[in-house]
Amino acid sequence: MPKKKTGPRKKAENRREREKQLRASRSTVDLAKHPCNASMECDKCQRRQKNRAFCYFCNSVQKLPICAQCGKTKCMMKSSDCVIKHAGVYSTGLAMVGAICDFCEAWVCHGRKCLSTHACACPLTDAECVECERGVWDHGGRIFSCSFCHNFLCEDDQFEHQASCQVLEAETFKCVSCNRLGQHSCLRCKACFCDEHTRSKVFKQEKGKQPPCPKCGHETQETKDLSMSTRSLKFGRQTGGEEGDGASGYDAYWKNLSSDEYADTGYHDDEEEDEAEDEEEEEDGKDSDAESSDLFTSLNLGRTYASGYAHYEEQEN
């Protein structure tokens, strides 16, 4: 029989469980609500952007910097572990800051805990948009996380990416390793796996969570809970239209190709006919101009300036 747990042992186990849950809840904080990714409006140019030490657009320093770790704008003397001791009861502005994070480009206050823990726990350490491959230093907007594949996204690509994220890189919902129906889907690899092939020796399944992807280790989701769609690639004989009985094959494919070729030759024939008509119209126009000039040459208008006659010649005669 197992040993009976004593009071101190129960308290220690409960404390360890609470600490574990606290660490897990801290790691699952919404990225949009994190202080280093908070929304900030510049005091000088009035442009909204991600919380950062210097404005992305005008490089000006904010009057009230926000700490990237604890999110405070005022450092109190009594209730904080200040590395830099300040004389007053509290400090704000540049007197409160202690460092700039290299990952999120935001101020960190001069508290000992924030300075020692933020660089290791910064959620924007590898924050590079999966679509445009821009980091925090390459654009001024905030960083978001895809709700399906949990990759980083910038403000410009977040809606477009999430609208097309649930698309498999296959034409069926079958498992990539066998021919059975894939009950679990990895939204990073865009592939489905059956129950047997989700068991991996490399990535272990945690208690109370979905099995990890055998390729990348990301947590899979059940396909029935997602609005997954397959990618349709039409090439070769698949581009041919279906026949009356619903079948399509190479006959329809070659018929379409031949009809396209005939359509192209007909198009070129029409162009040649139009050019010939234009040339005929130009020739007809030249003939009509010559005929009209012949008619006017037979007319006698007498002595005019156009015929080389001037009025002073008549006076001399």
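Count begins at 1; order follows the chain as displayed.
Note that Cβ sites are derived from N, Cα and C of the backbone, with glycine treated the same way.
The structure displayed is predicted, hence computed values, not measured ones.
The stretch that Swiss-Prot tags with zinc finger, taken from the ranges 175-189, 250-264, 295-309, is 175-189. Scored on C-beta pairs under 8 angstroms, the neighbour of the zinc finger (67-104) with the top count among 42-58, 129-149, 175-189 is 42-58. Secondary structure of the zinc finger (67-104) per DSSP (helix as H, G, I; strand as E, B; remaining residues coil): 3 helix, 11 strand, 24 coil.
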